[in-house]
Ligand SMILES: Nc1nc2c(ncn2[C@@H]2O[C@H](COP(=O)(O)OP(=O)(O)OP(=O)(O)O)[C@@H](O)[C@H]2O)c(=O)[nH]1
């Protein structure tokens, strides 16, 4: 290649000089151009930069020094060598030229040889400088590239994904990052030297095909999920993004490889969590349902039977309430383990929610197998559970449905099993029930009843009936309890036990409860304004009314609306509803009490209340549950409970009302034991408002025999009528009220009716003998003095009775009249002494 001819710019204001210099340089192979002034020179240089400038020092306008200064100050022109040409010989002019940046000087007239020499040398020097700066530039570029490469490597190595660059031409890796080495267990060099096919067990042809497809894709990325083999033979699951990139005359396949083991594991765990119950690890309702659906599909094809067991723990809430949720949780865990052991491997056990579990049984037998498993579950629960140091026994109620007998639809089967479980609960729990068509009909009837109840609320089909309560101190009506009745169109009056549980269950009780409060207040106001006057009305409130409603505000509103004083309204709530939400209930009750509203605890004795617990509630009354009143005159246990409740109420300064009193015996017994009020059929059945008005206008006169301790009442019990007469004769002169009974049963009735103090009883009686009778009397009427008369020589049973405290004295027949009379007199004295002592103790202040 021919070297480029250097281009020299001659700047001089004298044409002669310019021509001369051009002539001198031409033969040496230089190209020349010229400028007649400094301004012209600067303009020319800005267009084409010359390789060298011959610059006249003295010029009009911009002189040589100024031109040199301008050029050297500009980085684009600073490298152009300048030879200053001057006629001046003085030193100061040369220095000014050098200061301005000129490299050389030539003196006019110019010597040809000197000119060539200077020009050549300067051009050489310039070329040398250019090379140096070029190589410095190259060096800089290489350094920058190295830094860039290093940065790229570092970035690649710092990437969590493996990055592998594959040459299409050589089918070898040309670059891999540290993550790739760590992921696969190979060093960089090992990866460079091996075939990529070894990593995913493809063959070279497959790999080539893959690369060709990528190249055809252009700039698009392809994603695939695959498994790579590590150096140690283990496998790693990966997502690979691949892209082909042009590189000179080759293609580089860039593969970004992500280890998805952790993600797959997280997906698996998430899937497990979504389908399993975290507490017991059993399939949850969703998976249980899906499994049942699949099982049914297979069963329909293969004519198998499928049984669904719906299992609900009995009284599980009590475990939570008494021992806490942690213990409840532990019970659910241990229960699920026992349940799983009752099923076979092919069966499915799941937790449907709360304390509800399900089992799917598949097989030929259906009903039989289901009964066996239900029995096994019942048996597995017999052994108590040890829960955080507490021994707890539980049972379960189980409902069973069978495909194809009951249904082949998963939803329906579960629903029917639930219905059957409910029946098992109703049958007393700890048992199982198969679903029957009747249950279905009942369930539908239940639904029907529910919608009828909703209509009843909207159409105000409810009425209140009123049952009076009698004050035992004076026999007057103390107040009434308002009882809800449903006048169902086309049906008549529906008994409360047929609809109140459903009102509770559906939550409708809150709306109905509000209606009851308003209706009771309206009725009180109506009576107040009439001749009837003030009547205390008690209404029942459900626990849900405390939770779902602002009960205090609601009652305040009703009292105000009807202008009723709070004192005439009483709320009855059960122990169980008080226990449910203690703090809120106490708060609301305190507010109500401050309005004068009376509070009584209904069905007392059936819940779990303790004395200390009761003290926290602002209550006025306890209502003893009917269950204890029914046999209060014959059952020592019931009598003991009733007496204990009355004495507890006394100590807490609460009034006591007995529910369900049906006869005179119960009335007298309760009266003698200081019960304040009674309610029950013996007083009156529940009445309509109109009937009650009549009753209040003309109150019943009840026979309330006077409790007079001055009277001395002696009860003589003997099945032999002659003996009875003889004994009555013996005491006729002693001034006692003598009662005679021919049997133990008669004796109980008389004891309930009268304030008997001393009992004389024959030992040998048909039915209940004297020993048993007096033993029961000891518990029913512990204050009585009991004397046994016996014609038998066997003293053992009598001694036993004396030792147990049932018998105070014993006499054998025939008796000595005087001795017997003396002893009976002593017995009455003993009775009086005991009563005086008990009264003195009662008078002591409470500890
Ligand atoms: N500890 C605990 N309790 C739960 C859990 N899930 C629900 N419960 C409670 O389980 C109880 C279920 O009560 P129910 O089945 O309605 O009533 P029950 O006391 O078992 O009475 P019956 O079923 O009528 O015999 C409720 O008190 C729930 O608060 C749980 O995961 N852990």
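Glycine residues also receive a Cβ, built from the backbone N, Cα and C atoms like all the rest.
According to TrEMBL, the protein carries these features:
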| type | residues | note |
| --- | --- | --- |
| DOMAIN | 7-123 | domain 'Response regulatory' |
| MOD_RES | 56 | 4-aspartylphosphate |
| DOMAIN | 148-205 | domain 'PAS' |
| DOMAIN | 222-272 | domain 'PAC' |
| DOMAIN | 304-437 | domain 'GGDEF' |
| DOMAIN | 446-700 | domain 'EAL' |
| DOMAIN | 713-828 | domain 'Response regulatory' |
| MOD_RES | 762 | 4-aspartylphosphate |
Among 56, 762, the one of these modified residues whose Cβ has the fewest neighbouring Cβ atoms within 10 Å: 762
Rounded mean pLDDT for the residues that make up the domain 'Response regulatory' (7-123): 89
Rounded inter-Cα distance in Å - residue 56 (4-aspartylphosphate), residue 762 (4-aspartylphosphate): 165
DSSP-derived structure type at residue 762 (4-aspartylphosphate), helix or strand or else coil: strand
Structural state census, the domain 'Response regulatory' (713-828) (DSSP three-state): 56 helix, 25 strand, 35 coil
Composition by DSSP (helix, strand, coil) of residues within the domain 'Response regulatory' (7-123): 56 helix, 24 strand, 37 coil
Composition by DSSP (helix, strand, coil) of residues within the domain 'GGDEF' (304-437): 58 helix, 40 strand, 36 coil
